[in-house]
């Protein structure tokens with residue numbers, strides 16, 4: 001049985017409503033019933049009251065749509081079960097008592113919902129209440145008409161909105177009934193799922209193979225019309241829209257070029273928001289290509305099926321009046337509060353700001369300096385290329401196993417950059433240029449860290465090239481890395497090797513220091529520090545999330561830095 005975060009299986013519908021009401025000052029529970037009402041019931045005196053509802057498990061439907069400008073109240077059943085006649089009747093009586101000028105029940109087309117709401121309607125009428133019922137069947141799944149008719153799914157939310165805006169504007173029960181019935185006739189919805197869902201305490205309702213998706217399934221996990229191999233999002237959306245608008249499908253929606261629609265891209269509960277955004281973009285593109293104007297697009301979780309990983313698309317054909325009703329204000333919590341306007345993939349991008357003028361580079365000479373720089377850089381690149389597998393292997397223990405790839409990418413980038421133009425021989429320009437190359441091409445945190453190091457080091461070398469300047473440059477680079485990277489020496493990162501080498505380079509500040517000896521000592525210190533990371537606790541970087549007992553090897557970043565220093569100073 002799949003895991004669920006509930007307090008008790010039997011209380012989950014009540015607990016979910018109680019949580020919603022606790023967090024929303026605009027909602028109240030009706031004592032003794034699973035009914036949520038607007039907290040400002042007196043405001044509906046003389047207006048039509050709107051009631052809806054159905055099984056729980058479709059959150060935010062329906063309680064999320066209670067508010068000024070939408071529903072007056074909702075009646076909830078247990079998970080995927082119709083509400084009781086007694087609770088529906090209690091809700092009708094509560095709004096009638098508040099002075100409503102008639103009551104409209106908006107019901108999804110399921111036998112249980114029709115029976116229970118219908119029975120309550122008959123009893124309320126017998127008590128003298130003016131009650132009507134609109135049954136919404138917006139499902140476009142089944143190609144042959146079935147006796148039960150089309151299921152009521154996510155399109156019902158648009159009917160709540162249209163009816164709510166009309167009621168708020170003071171429309172009569174007759175007018176609301178007529179207009180929402182007309183809207184419901186020009187609306188269609190189709191679902192697509194990658195996974196089943198499971199009622200708390202139960203096994204999933206069905207199984208889908210790893211590589212399968214199901215088209216047209218209901219919001220309770222009922223079967224759809226066909227299973228198929230998983231398609232990319234754009235192809236899946238095309239398949240859905242084709243099925244919804246196919247004239248040979250008895251439950252299709254007639255869509256002709258030039259039509260205006262409101263589009264709802266609804267998360268069936270378990271799709272990531274990332275996927276939902278991709279599907280939404282594909283739906284807008286696909287409709288645009290057919291010459292359809294998308295007057296409004298709503299994207300989010302509107303009517304779910306517990307944790308089902310799937311999406312449904314709803315299309316409502318609209319005229320100006322319907323768009324105005326969709327745009328009308330509401331305080332309902334689950335209705336998106338976004339800027340009203342059409343959806344299109346053709347929005348003009350904000351032009352990117354132009355790069356500031358570059359400082360003129362020192363002449364890129366082709367003298368002995370440049371040739372030496374090229375030799376050193378080539379040695380660094382081949383060292384990194386040769387170490388790629390070793391670094392990846394070291395990184396697998398602690399990170400994502402890509403340290404070698406990242407450094408090899410840097411080596412490739414430096415090689416291409418040298419092929420495109422001779423590198424500058426002046427130290428400050430050289431380090432700045434290398435920083436640019438690595439920031440653009442290397443990727444990962446390492447790319448930024450090397451970039452920070454080289455940019456700061458270059459500042460220390462502006463107009464200087466004496467030995468102490470290189471010690472200052474090393475210190476400045478390390479200081480920048482620490483400031484933004486958050487690591488300190490001893491945290492088992494690339495900083496350990498750099499810091500050890502920097503300590504050795506401090507000798508360059510004493511007069512008469514032997515340059516070659518100091519450099520050789522710096523490389524030895526870096527190599528020893530890299531090896532010493534084997535026994536350290538990781539204090540920063542991704543490895544710090546892993547228990548140190550598992551890190552028996554040296555840190556790949558520290559090893560790479562030591563190797564680079566070795567290649568430079570060879």
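Backbone N, Cα and C define each Cβ position, glycine as well.
The stretch that TrEMBL tags with region 'Disordered', taken from the ranges 321-346, 347-372, 373-398, 399-424, is 347-372. Max Cα-Cα distance over the annotated substrate binders (55, 56, 57, 58, 108, 113) is 15 Å. Remark: of the binding-site residues 55, 57, the most isolated position is 55 (fewest other Cβ atoms within 10 Å of its Cβ). Around the Cβ of residue 220 (active site, tele-hemiaminal-histidine intermediate), 21 further Cβ atoms fall within 10 Å across all displayed protein chains. A Cα-Cα distance of 8 Å separates residue 57 (substrate binding site) from residue 220 (active site, tele-hemiaminal-histidine intermediate). Other residues of the chain with a Cβ within 8 Å of the Cβ centroid of 55, 56, 57, 58, 108, 113, the substrate site, are 53, 54, 61, 62, 76, 77, 79, 80, 81, 82, 219, 220.
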